[in-house]
């Protein structure tokens, strides 16, 4: 029987999750998923744009390109987020 279908424990409220605990857990999971998606998107887009000849190390121009690409992507994401949240 899983934890959702089993009866609640009789040991008191301290062993039960509160709504705030569950909301905090969901928020943490969403933040982690967003961070993973963000990194994957940046990695894919910047790699495709900047790495012309994959090898065992980055050239100076490739490293600079990736750095600028990531900086621009972070800046753009911040601008979009700010615009979305200011409309509320």
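Even glycines carry a Cβ here, placed using N, Cα and C.
Matching 1-21, 22-42 against TrEMBL, the residues noted as region 'Disordered' span 1-21.
On the 0 to 100 pLDDT scale, the domain 'Tim10-like' (25-84) averages 91 in this prediction.
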